[in-house]
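Features reported for this protein in Swiss-Prot:
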type: BINDING; residues: 792-802, 828, 943, 1013, 1044; note: FAD binding site
type: MOD_RES; residues: 413; note: N6-succinyllysine
type: MOD_RES; residues: 427; note: N6-succinyllysine
type: MOD_RES; residues: 427; note: N6-acetyllysine
type: MOD_RES; residues: 1052; note: N6-acetyllysine
type: MOD_RES; residues: 1052; note: N6-succinyllysine
């Protein structure tokens, strides 16, 4: 249980077998045959405890983190903290008590996560009887070793419990010698502790074998002359130990255990039934064991009169309709055996519940290997690949069965398999639901709307995965496919996706171990995409495009199954030891399913038949052809290559209906989303902003974000010229996005719902344009995924911040850091609990030219020295949860690699960030204005004043007309600016950008003011969005530069170009 080796690892990777980290390369274990090594001189076997005899702390930590929603790796990182002098190592040398360890350990974890971590709960789980049980395969091996006259020992890095007894949940009678670090004051890999163990055994190093799960401990033992075995999983380690000792250590049936008391069946009546079935006259005893796998239908091993059998039965109690259909299992296996599909030989189906309590069937036992760990520890990479190839091949064989030839044409309904399955699993889930799981609710709504258009019909297994296959002990050959309970006729791609579940689950997932955190290339295991291509090649099919849908559906099924197991565990019906854990796992798996639904939404959008952006007539700038610039190409630089006098071959797109078909379809999809999702949610969102919980993100907003992702309405803002490969965004031009931005602007909440809100949009564009790959990986990706938020710190209270060169905050170089000092205010979004990044602008060289004095740094919000002085209000509005803060930066130390683009480039970065952002602001303002005018028109039609409707009043009519004219004027001007940016770049559009920034906010203020006037006092209330519209329209008259600055810019450019 030592973590010492981790301190010496160059990448600080833990090698505990079931941690959430990559597997290391396993040694070659050779053949599975037992070979007697004649002349063996081994006289003792020495065992580590954690990871060898009982589950390792890493495995327990990973399980506990999942169940308690603690970020994976937290416990291991805290255990590693401090190296030899850290609390964990001192605890194992008995230098501190359990109480002292938990106090220091808890402090470390809490500092990492900035919140309290219940480490007592982890320690209780680690030392509990439920977890700290000796592996049966090791118990059996120790028994056989001692029966042969060899000594056994435990050599463990261990600790004292609060009762002052060492943690040793083992039968001490199994061992001749026990050496524990807490009793000796030294830990592995200190050579003294190995020598002490050998001295107590009275042996030389070469006469012993040492088993440990940590490479560093084994290395020191090997240096002393002890033979070592690396334990990646107990069963594989026992096989290697058998080869070294030359005799068998396992005499039982693999993967079985004594029958649980709640799963016992009457032996007498079963024995009578089997004697009649098999014609057996013997009076010998019936041996009955229970298989570890098969949590849905209890499965038993039976030995009677030299016959090895397997019995599968329905679980007891009231069951969901159509579930646990063992009758169908019997029928399908009997039919497929005649079609060359490897299945066990079934003998009889007994539907008489009086025999053992529920219906069951009996089949012959098929000896072989069942690989419960999909990483296949102990095998060569080539053998692992061969195993997965064989798995793929047998799946193709199942899907190629002639239904009519084997009499299975009525085994299920033909066609519409996925729709029926969705309905079935929704029904099953609802029947076993114990609480509301948001991701499941979203999937229940999403799946029926995204069904595959074309489906083939074959036999489908329904639960096809590696641990439902029996393999030949020595060859990569499938001997039998098990667990046919969910089989039917349906879409074969559902089987293919289901067989890839492990590729997306962590290795420590309690119910189905995964390989998501393994290096598949190193292991030799095909990635999910390669596995799917392999299947398509064998079946002669083109690859499907909607792979993500099938994965979403598969994980949705798993979540529904886990929920059913959990519900049955509450009544004692489920047979698996994992059943009670599945309550929390259902939510984990449903979130995975939703992730695939989101990916499918992105795929649908990105694979729309967009016209090549380089040849769109409405934004491609046709330049004179030259040898350096082929016809139709375009530079993505913001520097114009010719005069804006050159016009494009297409016109300005002034209406959404004139957009290209795919973008027009996107616009209408967004409009439908706004009408169906966003507008109806506004009252609840407004109530949240006024509630005591307003400084926490609204759960409804988060739910709407997930729905927007799934609909492909996410990250639409990045302009094509900044992201020409569409790597990060939708690849829209400024004009295309302007129309969508206006639509989002009709609601205060829509930009955030679609991840298109400031200041994140500007910061993400900054990172795309100027960030290093490391900066993008650290900050851009979480922002794009909506997992983090950010702020931009430029405005200062002591200077006119409209002139960026006035910035006084200092950035001083010190060793490998920059030290920041400064006073900022009106920092939008800094109060948001999700804000993880502050993009900070400060002065690095006050003696440089004015436009080269400023620099931009990426500052993590958890950096010491950032002090929020107070929140600021706008006309009394707090704008929670993001808010606007006044902040001091006092001696804030930031690594040099957090500098953006380089020292002295801050002004350039700020200007580059503002160009598209001003288009966004202005189009949102036009959205404000359109919504305000629509509300005004509806209001004046329904109100009477002085005996006639308001709509008939002359002044009201004049206001409506004036508002319409001003909106249209502003829209045309903004679209023209966006069009020019698409054609010639930001610099060439500087005049137009300045004009729209001085026009749009003033226009919006006037239009909204007229609407408020028409509403009267109601217009000032939070019952309508008008008051907030007006607030932000007014604020934008100086945000991103005051109107006066833009008027001056326009005048200077006018004089420069026109005189």
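Every residue gets a Cβ built from N, Cα and C, even glycine.
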Cβ atoms near residue 800 (FAD binding site) (within 10 Å, other residues, all chains): 10
Minimum Cα separation from residue 794 (FAD binding site), reported as the residue among modified residues 413, 427, 1052 that achieves it: 1052
Cα-to-Cα gap, residue 1052 (N6-acetyllysine) vs residue 792 (FAD binding site), nearest whole Å: 29
Assigned element (helix, strand, coil) containing residue 792 (FAD binding site), judged by DSSP: strand
Cβ-Cβ neighbours of residue 794 (FAD binding site) (radius 10 Å): 20
Neighbourhood of residue 796 (FAD binding site) by C-beta distance under 8 A, where only residues 6 or more apart in the same chain count: 806, 807, 808, 809, 822, 823, 824, 825
Alpha-carbon spacing, residue 792 (FAD binding site) to residue 427 (N6-succinyllysine), which is rounded to whole Å: 48
By Cα-Cα distance, the member of binding-site residues 798, 800, 943, 1044 nearest residue 413 (N6-succinyllysine): 943
Separation of alpha carbons, residue 1044 (FAD binding site) and residue 427 (N6-succinyllysine) (Å): 63
Residue 413 (N6-succinyllysine) CB neighbourhood, other CB atoms within 10 A: 12
Long-range Cβ environment of residue 943 (FAD binding site), under 8 Å and at least 6 residues apart: 949, 950
